[in-house]
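Visitor: Below are the structure tokens for one structure; questions will follow.
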Amino acid sequence: MAKLSKVVFLWKVLSIPLATAYPQLQNEFKQRAVKPSEIKGSYDYVIIGGGQSGLVVANRLSEDPKVSVLVVEYGYFDDSYDVLDIQKVFRDTTHTKYNLTSVPQTQLGEANQVQSVPAAAVVGGGSAINGMFFNRGAADDYDNWEKLGNPGWGFNGLLPYFIKSTTLQIPDAAFAKEFNATWDEKVYGKNGPIQASIYPVQYPALKSVWTGFEELGAERQKSGDDGNAHGLFWATRSIDDRTRTRSYARTGYYAPVAERKNLDLLTGWRVNTITFDKKKQATGINMQSRDSITDAKAKITSIKARKEVILAAGALHTPQILQRSGVGPASLLQKANVPLVIDLPGVGANMQDHPQVTMIVALLPLSLVSPANYTSLAKSYLSQSSAAYLPASYSAATLKAGYAKQQKLLGSSLLRKDNAALEMPFAGNGGYYLLMLTKPVSRGTININTSNPYAEPLVDFNTFGNPADLAIAMEAFKFGRVLHNTKTISSTFHPVELAPGAQVASEKDLEKAARDTVVSTTAHLSGTASLMPRELGGVVDTELKVYGVKGVRVVDASVMPLIPGAHLCSTVYAVAEKAADLIKGRK
């Protein structure tokens, strides 16, 4: 992967003109949740989670006026205009997020180091608080899903849903000419709920950076969203360019249908468990007010689901709810004194995220080193015993078999020239690089706390648990140095490396820098209720039905068996759109 065709370059703007007023959007904030007293005792479909995927599925199922839908969301509406303001990507969102940290990551630099676990607690979910990156993975990423035993879930199977969920806003012609911006209209929709745009405010320095990448052999792609997500391409963002505001699940999927009589949204309530009868048929949910969760004597409310319970609680809480309901690893549930409904070891396993390391440079000259070839790293990874670096909790034979198949696919992807192992956004106004590993091979877990299943789940990223990830992070540092030493970038910016620093040159020092500075997450939690055959540790089948029980599906990022090399927002919409069609019986 020393060749730049193995590296994705994405353009990330952090300084964008502010739209100072939103009079045309005021109606978007008039929706209100139903009161608990207005909730009916039963619905056709009960959706757990009013984030991205939950609102997509609720919208599509309630298109049929004969079908009743209840969405239960732990968070509330965010009615501040800050949620729309694209300059406030990094605003204080403590009122719209969970406050969680991981278990100690013993393989990282500091003893007992914990990592933040970002997760949205707001109507609209992650789409309400994310950085609005809206790119897709390479076709190979999704084709690997299909190769794991999931017909219909490759790139071609998902493309109609990528299209259905989006509307592409064509950039200004003058801007496109100045920056040589390109796109492929065929892979976006024209009337989809979410607006996708190439933001028309860019730094002039971008041109020099692209030239520097091309000096290293990078190829310009017409689009990254047509399956060619490698080399150089323009990444879309979920921004409505007409108003310069965030386009997200609430404004795109919920606001237009909020007045439907057959759709209820209840906010500020936590779903505790899914209920099952003796035949393992889901019958409904037990829930309680968010304000009462610390009260052991709080009232528990039961709602019946006449057709299905649909899990859309995200990769963090979907496995927790399944486990609390008796669906998960038998040994774990026994320790937690949770009555077993079905032994399903994959629930909470296969957890993936995109770890990232940081480089900082200033504008001074510096002599730089060259990276090793990533090909040798890929071959080294393929030569590993597949179970050698899995967490100790992956004792089930099915989990080991599933990862063995994943290893072959990931190793193949790492050797390809049309799939990327690294994302390198460029801010344009300085040299602060977040080098994101797009093909992590380490696997983590999300499990209930056995001493208190109703506490927040225990999250173990297991970052760098597999040394192959650490090796790729070290090569990312080296690649950044080679990029800075290209003719165009060195003569234009005269970069000097501040972090990890030019003195960090030996393999030992680079390893320490990676361990010390890595961030375990890009808020891309996924994989914890994977779409794979049950014998490979899967949790849901190709129709997203949970194995071993009836009437339960999962429709969120939990089902992604391999994390795509992209920010997940666009993929979550596509998965949820496809899920809605599957629930409706449309193949």
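Cβ coordinates come from backbone N, Cα and C, glycine included.
So TrEMBL lists these for the protein:
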SIGNAL    1-21  signal peptide
BINDING   V122, V271  FAD binding site
DOMAIN    314-328  domain 'Glucose-methanol-choline oxidoreductase N-terminal'
ACT_SITE  H524  active site, proton acceptor
ACT_SITE  H567  active site, proton acceptor
Visitor: Over all shown protein chains, what is the count of other CB atoms within 10 A of the CB belonging to V271 (FAD binding site)?
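Guide: Other Cβ atoms found within 10 Å: 24.
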Visitor: For V271 (FAD binding site), name the DSSP secondary structure in the helix/strand/coil scheme.
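Guide: Reduced to three states, the DSSP call for V271 (FAD binding site) is strand.
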Visitor: Could you list the residues of the same chain, at least six apart in sequence, whose Cβ is under 8 A from the Cβ of H524 (active site, proton acceptor)?
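Guide: Sequence-distant Cβ neighbours: Q352, D353, H354, A557, I563, H567, L568.
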Visitor: Work through the recorded positions one by one (V122, H567) and point out the residue whose CB has the fewest other CB atoms within 10 angstroms.
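Guide: Each of the recorded positions V122, H567 was scored by Cβ atoms within 10 Å; lowest is V122.
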Visitor: If you run through the domain 'Glucose-methanol-choline oxidoreductase N-terminal' (314-328) with DSSP, how many residues end up as helix, strand and coil?
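Guide: Each residue of the domain 'Glucose-methanol-choline oxidoreductase N-terminal' (314-328) counted once, the result is 11 helix, 2 strand, 2 coil.
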Visitor: Mean pLDDT, the domain 'Glucose-methanol-choline oxidoreductase N-terminal' (314-328)?
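Guide: Summarising the domain 'Glucose-methanol-choline oxidoreductase N-terminal' (314-328) by its mean pLDDT gives 99.
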